[in-house]
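What follows is a set of notes on a single structure, which appears directly below.
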């Protein structure tokens, strides 16, 4: 029995592991994270009036902007070459996203991920395919 394609596959694996390629894919992941960040921020800031005339969002909808702390604290962080996180450091970020025993959830992050999933997956996939030549 003869095995074919070993050299091609080995070459492809070597290209994948190069530092330049890891950086290229890492940059693509960061760009994907930024797209999710912007979508989450936009879902918050497109709501009703902020400040004195602030109107709370309905349960199940993204929270409406009030002070700007929630949307202003959403950030994309490259934690490792191939690991990116998008999160909000606002003290009430998690209670708004998940809800509490006294308040229904007003998610902004999960819907942003869902809305951008196909777009960012396709983008990162293209970068990986171009990087490894496949």
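Even glycines carry a Cβ here, placed using N, Cα and C.
Note that the coordinates shown come from a computational prediction; the quantities given were computed from them, not determined experimentally.
Looking at the stretches 46-70, 71-95, the one that TrEMBL records under the feature region 'Disordered' is 46-70. The helix, strand and coil residue counts that DSSP assigns across the region 'Disordered' (46-70) are 5 helix, 0 strand, 20 coil.
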